[in-house]
Amino acid sequence: MASEFRPPLHFVLFPFMAQGHMIPMVDIARLLAQRGVTITIVTTPQNAGRFKNVLSRAIQSGLPINLVQVKFPSQESGSPEGQENLDLLDSLGASLTFFKAFSLLEEPVEKLLKEIQPRPNCIIADMCLPYTNRIAKNLGIPKIIFHGMCCFNLLCTHIMHQNHEFLETIESDKEYFPIPNFPDRVEFTKSQLPMVLVAGDWKDFLDGMTEGDNTSYGVIVNTFEELEPAYVRDYKKVKAGKIWSIGPVSLCNKLGEDQAERGNKADIDQDECIKWLDSKEEGSVLYVCLGSICNLPLSQLKELGLGLEESQRPFIWVIRGWEKYNELLEWISESGYKERIKERGLLITGWSPQMLILTHPAVGGFLTHCGWNSTLEGITSGVPLLTWPLFGDQFCNEKLAVQILKAGVRAGVEESMRWGEEEKIGVLVDKEGVKKAVEELMGDSNDAKERRKRVKELGELAHKAVEEGGSSHSNITFLLQDIMQLEQPKK
């Protein structure tokens, strides 16, 4: 451990203010603190509150973690007061203003880092915070990028950036094409790779992210080498070996309270949820959660609900706590849906204790938006996936889960949900399509049995990776040794 030989290392962590980014960064903070690293997490007051309980327990247990709050620049950026997290925005169409607001934190954060003691040895910053590039350079502190994505997606994005001219020759957004120089033959449409072809202000922001990636000292990835060995190997070549795969970071949550409150306090009583699951047969329940920023239109959500009903299988459906989904809740109540499914359907409005649910023996499938955290948590729990990607890296994650890992079934979504244009897209999978996909995942066919066996094996590999001597545990050691070596010439 680093602290056994010299004053402990001090890492400053900058999570991006979206649940899918903050949750693994807080896990990383605890993993590093467990190895003797002093940790400072920099975030805004509203976001600090979401992790208050989890971090308080960590600090009380003796982990050297400090939480420093900086004011979110609402007024200066033209953002509404109180919207300090991506999941609080009234519309995802306003997300660019939110992303760009963080550049206004550069001056106060640089001042903070100049004054903080002990002097930081390393910055770990989310890829969506390119303003930290300049701070790290000005202060001479090595900066490591945290990518909340898998190496499959990172390699794919890197290759397609290099083949930009090839992409421009493809006229249709619906035409499938193979990724060149990829370990496996995988095909996408242009609309499924939204971070590659952008224009205007979004391009400027993404160019800043790319520059930050290219100039960083290295990259931390929430994956494990045994899950995607060819993609970890090839992405390491791209980054000259400075890649540390340290996942699944969610497995640092060993206490029931930490699992239940990971990311936010759950909006359902933990005991009530477990009691409901205990009443169901092993492997019979489908868990349905489309992430913290699900942007499906009402028409599609209705079809999803009706398909779940017609599947005749028990399910837990997590419904996003956005104000816009009040219409969905009205439909659930007024159409008689809630009454019809009350014996075998559990509805959770808001935040769910996802880790507790996925690890329960009654859960036999996970209908997911394919955010990387959820994809990895499902696999880590040994639960087969029903994939419903929405945007961003999620189509890449679907390809990895279904085509490469053989750990899931596609719902049949072909088109990305463009932020601010969701209503134009409408219904992509009708209730019959939902019912059919659920049956394929949860049924007793030979393919379904083989899939369950395969994902269980992957889950076992995930747990071994984070144990002492495992690949991810060792990679944390290698990371700390690397940063310590950088400090030696300064002695």
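Glycine residues also receive a Cβ, built from the backbone N, Cα and C atoms like all the rest.
What Swiss-Prot says about this protein:
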- SER292, 352-354, 369-377, 391-394: UDP-alpha-D-glucose binding site (BINDING)
| Just checking, which of GLN354, SER374 (binding-site residues) has the fewest C-beta atoms within 10 Å of its C-beta? | SER374
| How many other Cβ atoms are found within 10 Å of the Cβ atom of GLY371 (UDP-alpha-D-glucose binding site), counting all protein chains shown? | 26
| task | Report, as a single number, how many Cβ atoms besides its own are within 10 Å of the Cβ of ASP393 (UDP-alpha-D-glucose binding site). | result | 26
| task | Output, ordered by sequence, the same-chain residues six or more apart from GLU377 (UDP-alpha-D-glucose binding site) with a CB under 8 Å from its CB, or 'none'. | result | PRO248, SER250, GLN354, MET355, LEU358
